[in-house]
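Enquirer: My questions will all concern the structure given below.
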Amino acid sequence: MTSHLDPRQTLRRQLRQARRSLSPDQQQCAAQELLSCLKQQCHHLHTNNIKRIALYLSNDGEISPHLLCEYFWQQNIQTYLPVLQGKQLTFARYSADTVWQENIYGINEPITESYLSGEELDIVFLPLVGFDSNGGRLGMGGGFYDRTFANKRTDEAPSLIGLAHDCQQVKSLPIEGWDVPLQAIITPTQVIQV
Ligand SMILES: Nc1nc2c(c(=O)[nH]1)N(C=O)[C@@H](CNc1ccc(C(=O)N[C@@H](CCC(=O)O)C(=O)O)cc1)CN2
Ligand SMILES: Nc1ncnc2c1ncn2[C@@H]1O[C@H](COP(=O)(O)OP(=O)(O)OP(=O)(O)O)[C@@H](O)[C@H]1O
């Protein structure tokens with residue numbers, strides 16, 4: 001019954017396939033170009049006075065933010081990673097001496113005693129499966145980021161910035177009422193300010 005497949009599911013499958021088929025070399029170049037792109041745009045992204053940033057550990061072909069993380073550490077900015085808490089996310093400090101445990105999806109999470117809630121962060125860099133130039137985001141389908149930031153106004157902290165390979169861009173995503181819009185998207189070749 002392929003005719004009744006949810007269009008978001010179909011798109012999700014295609015775009016996940018596209019990012020997973022990038023070679024290790026392509027992934028490495030993409031991560032380096034992502035950092036160059038971020039550095040060039042730092043002033044536009046309001047990175048002054050930033051103290052706490054959330055990133056993610058790349059999974060399933062996602063563009064890797066590990067070079068961004070090193071860059072933030074050099075500037076004494078604290079970095080955090082998402083931790084599943086029921087159907088939402090909480091954020092745990094990530095530093096050189098982090099101890100890990102795997103979540104139900106096999107993604108590592110820091111083991112820590114104190115967590116931050118989303119609104120305590122200045123910037124959250126989100127992984128995504130697909131994006132469009134209006135700030136539309138398609139994720140893995142768990143609704144975790146959407147639930148976590150459901151009550152955030154766009155002019156409130158944190159800034160939500162998507163990180164993606166260029167092959168994850170689509171003209172226009174089928175958006176649902178609960179989707180939280182991104183304030184910007186950074187790829188190896190472009191910074192889209194929404
Ligand atoms: N790197 C990264 N971390 C993240 C997310 C993400 O998208 N990327 N998340 C964003 O929300 C949360 C985790 N959400 C996820 C949801 C589904 C799958 C996943 O791989 N699903 C498999 C089925 C796995 C299973 O059920 O056993 C799949 O769809 O193939 C992974 C992460 C928090 N951490
Ligand atoms: N604010 C919310 N309150 C309750 N349910 C929500 C909320 N946001 C999303 N959901 C539910 O989560 C499910 C998945 O949503 P969606 O497909 O948009 O996830 P996603 O953005 O792709 O995932 P993720 O954010 O985890 O990467 C949907 O079935 C939706 O009903």
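Every residue, even glycine, has its Cβ placed from backbone N, Cα and C.
I grabbed these lines from TrEMBL:
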- Leu57, Glu62: substrate binding site (BINDING)
- Arg137, Leu138, Gly139, Met140, Gly141, Gly142, Gly143, Phe144, Tyr145: ATP binding site (BINDING)
Enquirer: Might you list, by sequence position, any residue in that chain lying six or more from Tyr145 (ATP binding site) with a Cβ less than 8 Å away from its Cβ?
Expert: Pro82, Leu89, Val124, Leu126, Arg137, Gly139, Leu160, Val180
Enquirer: What's the CA-CA gap between Gly141 (ATP binding site) and Glu62 (substrate binding site) in angstrom, rounded?
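Expert: Counting only the Cα atoms, the answer is 15 Å.
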Enquirer: Suppose the ATP site is Arg137, Leu138, Gly139, Met140, Gly141, Gly142, Gly143, Phe144, Tyr145. Which further residues of the same chain have a Cβ inside 8 angstroms of that site's Cβ centroid?
Expert: Leu128, Val129, Asp146
Enquirer: Neighbour count, 10 Å Cβ-Cβ cut-off, for Glu62 (substrate binding site): what number do you get?
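Expert: Total other Cβ atoms inside 10 Å, all chains included: 21.
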Enquirer: Taking the Cβ of Arg137 (ATP binding site) as the centre, count every other Cβ atom within 10 Å, in any protein chain shown.
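Expert: Arg137 (ATP binding site): 24 neighbouring Cβ atoms within 10 Å.
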Enquirer: Any of the binding-site residues Leu57, Glu62, Gly143 with a C-beta atom under 6 A from ligand 2? Give them in order, or none.
Expert: Gly143
Enquirer: Are there any residues at least 6 positions away along the chain from Leu57 (substrate binding site) with a Cβ closer than 8 Å to its Cβ? List them or say none.
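Expert: Leu57 (substrate binding site) has long-range Cβ partners Leu81, Ile107, Asn108.
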